[in-house]
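Trainee: Below are the features I grabbed from TrEMBL:
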TRANSMEM  A:16-40  transmembrane segment
DOMAIN    A:51-248  domain 'MacB-like periplasmic core'
TRANSMEM  A:282-306  transmembrane segment
DOMAIN    A:286-393  domain 'ABC3 transporter permease C-terminal'
TRANSMEM  A:327-355  transmembrane segment
TRANSMEM  A:367-386  transmembrane segment
Amino acid sequence: MLELGPIFRALLRNKVGALLIAVQIAFTMAIIVNSVFIIYERSQETKRPSGLDEANSFFISSSGFGENFGAKATIEKDLTDIRAISGVVSAIQINAIPVSGGGWSMSLQTEPGAEHDGVGTAVYMVNENGLDALGLELLAGENFVASDIRWRQNSESTWPDKVIVTKAMAERLFPDIDYGQSVGKTVYINDNEPMIIVGIIDKLQAPWVGWNNVENSMLSPEHQETDSVRYFIRTAPGQRDSTMKQVEELLAKNKERVVDGMRSIEYVRERSYRGHTAMIKILTTVIITLTIVTSLGIVGLASFSVNRRKKQIGIRRALGARKIDVIKYFMLENLMISGVGVLLGAGLTIALNMLLVKALSITPMDWFYIPIGMIVLCLIGQLAVYGPAKKATGIAPAIATRTV
Amino acid sequence: MFGYYVKLAFKSIKKNPLLSSLMVFAIALGIGASMTTITVNYLMSANPIPEKSEQLFYVQVDSWDPHNAFNDETGAPPNQLTWTDASNLFNAQKATKQVVMAKSGGIVVPDNQDVNPFETQIRLTTGEFFNMFNTPFLYGAGWDLSVDQNNEQVVVLTRTLNEKVFGGENSVGRNILIAGQHFQVVGVLDTWQPVPKFYDVNNGAFDEVEDVFMPFFLKESFELPSWGNTNCWKSPEGEGFKAFLQSECINYQMWVQLNNPIEKADYFSFLNNYVADQKAFGRFPRPMNNQLSDVMEWMEREEVVEDDAKMMMWMSFMFLMVCLLNTIGLLLAKFIGKSSEIGLRRAIGASKGDVFTQHIIEAACVGLLGGLVGLLLAFVGLQGIKSLYGDFVNNLIQLDFAMASLGILIALVTSILAGLYPTWRACNISPANQLKSQ
């Protein structure tokens, strides 16, 4: 450790070069650490389960336009026909698709009256097969029965008197009791209209993945009597793709409608999180290129400094320094520069994070990212400098004798 | 002399291919990353209608819930109008020009049996839309006020839809079946895609323009569906489509053209009077909070530029910073490595100024090369953005001449800045010291 003093004093003679590397390391650290943090946050978000049997589900839309297009009869026939296809586990009509980005929201409250605040929730209109088709687990209470299901007309403004909510929704509505005990309680929709909670389901996400209340969903027992409908179909494992084709052909037989928008839930999830996935890929590319640029910069400057000090190294070797001592010299020098760099970097990282938090409402970073980032950046520096340092050991001691 | 220095610069760049390409590569990466993100941000925040963006105003009135503001954070009034207000304000005809609109959709059944029926997006709007927003016409024209007042069944189609249904021929005067009703085509638009799609940013500010333009008030007669965002703070009173239209649900947008501040002030006081009158009917329970925003103010309020795009732009500037620091270091190494050559030049008569010019030119050449490669990288980067984000960004990844020039300019300026310190060091090399060791 005795070398530290001389190395440091030698560094001071080339302050600018050293400082350039240190600042570069600082900026690199700020970008990399913030990127890693954002990547982690985003990938956690994309992994949240929707509650659906995603791998085996899809949906399809149909819009009737003929003069004699009977909505109710068509829906009933369609559902019977679809369910008859082998490989179909269950099929329902639904107003919105979870995680898809488009849907219907309402607000539920525990006291009637416009003056009380409500809890926002996504609304899914399903029949008694809803739980089966969506692949939901009933935690408490019971499912709808066939007699609960009504036909909702266009522009209907009232609501059925039963509702099933997610566990998260129940806990938001009744924070003081166990979610199971909220079965049988009355909640109010549209300020004043009562609905009784008959069942609690484990998990079902809202259509909007960026929504704060994405876990809040309710099921309302109704079909919609409209010409434009959406069917949600769940198949036996592995049979989704073959079933999709059959369902599309089946519905297309009726020439008084347009069959459109058949998508698997996996596709919908991919599309809804595309922004996140893209961000993750872009930031990963940034991290990799930035690491390469910075390391190459260190390699370049270290090689240059080795070249300049050829004579000095030769003299040291002639005076008895071993190869390992030469390597150690450059490694230690780099460690000092990196040390200053990561200290600056810690400050910059926090500053960038604060800026992002303030301007773009990102969550603040956990503290441990900083020390880990500091260590990693120092390691990158050490790795980058190893090559040039190794090369320096090839300088023969005899060089010391050549010029004076 | 300039030509000679450029020649020297390229000679020096070639002499040290590894170090030089490292510098060019670093600048290129920084420029590539910055240009990619700047382009996306530039297009997101572009002025979609620069010739009259200051005369067009988006109309907002606060018809919202007495207990809760429409936007808790900003206290801004609702971002759309109710049917009642859209109709009243339009019928008043108090602005120089005004347009009310909404998004809808329906099935098109072409006469041509070879084309299958398909679903399309409809922009319900009033006649002055085309004139106010300077839409280009391929055939025919828009419609006038009497069409809106008499609920005539006419439509304007986009070029794309005209090609699909009528094979691209002049379809003015022809019939088309949309949403179960017969319409007469009065006009066909030429290609038109404002970026952002400023007239309605509710369902994606960079979405495609709707394919059919239809008179607004037909919504009531034909009970056309609401495809845009619908927001209600209280349920419709009563059943049926009429009740929904008369409810406090917002789904409609209004733009007015006001040519000068006097007209704007007049219109604003008209709005205030209107709201005051409505209060007498028991509507508008909130405090008076009306707003007129011109195009760019409205884009700002609706936060059309995505946060992710802003974040990436800041990050890419820091990235460029790292690349430049890298270049400074490498240039320094390089110029000091050339000490003996510089010493010789100085000894045989080159002044400090000559050495300075020579090396600044060398730095600029490196920058220029980096900028050119950087533009290529930006092009690749934008393709990458397209493949990552899909169709949504189609209108946001055009690298135009202005952007390309900006890229080269940034590369030149930053590399010259980066070259300043190394060049200054090079100038101060004393000739005597260097010659001694030769």
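Every residue, even glycine, has its Cβ placed from backbone N, Cα and C.
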Trainee: State the non-local partners of the transmembrane segment (A:367-386) in its own chain: residues 6+ outside its ends, Cβ under 8 Å from one of its Cβ atoms.
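Mentor: Same-chain contacts beyond the flanks: 25, 28-29, 32-33, 36-37, 291, 294-296, 298-299, 302, 327, 330-331, 333-335, 337-339, 341-343, 345-346, 349-350.
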Trainee: I'd like to know the mean pLDDT over the domain 'ABC3 transporter permease C-terminal' (A:286-393).
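Mentor: Taking every residue of the domain 'ABC3 transporter permease C-terminal' (A:286-393) together, the mean pLDDT is 90.
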Trainee: What residues in the same chain, six or more past the boundaries of the transmembrane segment (A:282-306), come closer than 8 Å to it by Cβ-Cβ distance?
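Mentor: Long-range Cβ neighbours of the transmembrane segment (A:282-306): 14, 17, 20-21, 24-25, 28, 31-32, 35-36, 38-39, 313, 330, 334, 380-381, 383-385, 387-389, 391-392, 395.
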Trainee: Within the domain 'ABC3 transporter permease C-terminal' (A:286-393), how many residues are helix, strand or coil going by DSSP?
Mentor: 94 helix, 0 strand, 14 coil
